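*Asks:* Below is one structure. I have some questions about it.
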Amino acid sequence: MNLLVFFVYLXVCVIGSHSIXGSQQLSTKKCGGAICAMACTYGFVLDKDGCPICKCRDAPCPLVKCLPCKYGYVIDDNGCQTCECKPLDCGLVCLIYCPYGNIPDERGCPTCFCRPRPCKELECEKKCRNNVLDEIGCPTCKCKECLEPKKVGPCRALIPRYFYDVWSGKCKKFYWGGCQANGNNFKRKSQCCKRCKS
């Protein structure tokens, strides 16, 4: 046998193990006598038995620079990292219906605990058509229409009406033109006071 050919390709492959009476015994199989004289930078492709065949392996995964992913990256069919982020895998989802949503755990996955009602039930003395919202979006007992400016409108009728003056905190008389009113337009002073005065 030519020494060069012998040096280029000779392999013994371990193809598996099995247990007999509690002890582990290795089964070995000599890989076929394929002779390959080509030099492969990344080694040879292995067959189904784990023995090299006369075909060079592709280059390892390309070096990729990706933005950070909170849950890691998707791995492609070749075992290489992609720049696609893995989605959050929450596993089983709770089947309890929560009208205001579920409280998330530390990973952001929904738990079986419901969020509380975000806004308190209002107990206002006055009824508003549109309530003023607070900083977290919950309605207050203030009426939006009371915050609107006095609006006479473009028409020329002189209809006595009342509006709530935010600056003075009082309901004042004005003459409405008869068209294009806003919400701060009341027929009687008592209506204005009931709706807008605290």
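For all residues, glycine too, the Cβ spot is worked out from N, Cα and C.
Checked Swiss-Prot, it gives:
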type	residues	note
DISULFID	CYS146-CYS196	disulfide bond
DISULFID	CYS155-CYS179	disulfide bond
DISULFID	CYS171-CYS192	disulfide bond
DOMAIN	85-114	domain 'Antistasin-like 3'
DOMAIN	114-143	domain 'Antistasin-like 4'
SIGNAL	1-19	signal peptide
*Asks:* How does the domain 'Antistasin-like 3' (85-114) divide up by DSSP, counting helix, then strand, then coil residues?
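*Replies:* Tallying H, G and I as helix, E and B as strand, the rest coil: 0 helix, 9 strand, 21 coil.
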*Asks:* Of the disulfide-bonded residues CYS155, CYS171, CYS179, which one has its Cα closest to the Cα of CYS196 (disulfide bond)?
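*Replies:* Closest by Cα: CYS171.
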*Asks:* Within the domain 'Antistasin-like 4' (114-143) only, compute the mean pLDDT.
*Replies:* 80
*Asks:* What is the one among the disulfide-bonded residues CYS146, CYS179 whose Cβ has the most other Cβ atoms less than or equal to 10 Å away?
*Replies:* CYS146
*Asks:* Just checking: which of CYS146, CYS171, CYS192 have a Cα that is within 10 Å of the Cα of CYS155 (disulfide bond), counting only these disulfide-bonded residues?
*Replies:* none
*Asks:* As a test of the contact definition, list every same-chain residue at least 6 positions from CYS192 (disulfide bond) whose Cβ is closer than 8 Å to its Cβ.
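*Replies:* Residues satisfying the criterion: TYR162, PHE163, TYR164, CYS171, PHE186.
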*Asks:* Please report how many Å separate the Cα atom of CYS179 (disulfide bond) from that of CYS146 (disulfide bond), as a whole number.
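*Replies:* Just about 18 Å between their Cα atoms.
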*Asks:* Take the Cβ of CYS196 (disulfide bond) and count every other Cβ within 10 Å, whichever protein chain it belongs to.
*Replies:* 24
*Asks:* For the disulfide-bonded residues CYS155, CYS171, which one has the sparsest Cβ surroundings, going by other Cβ atoms within 10 Å?
*Replies:* CYS155
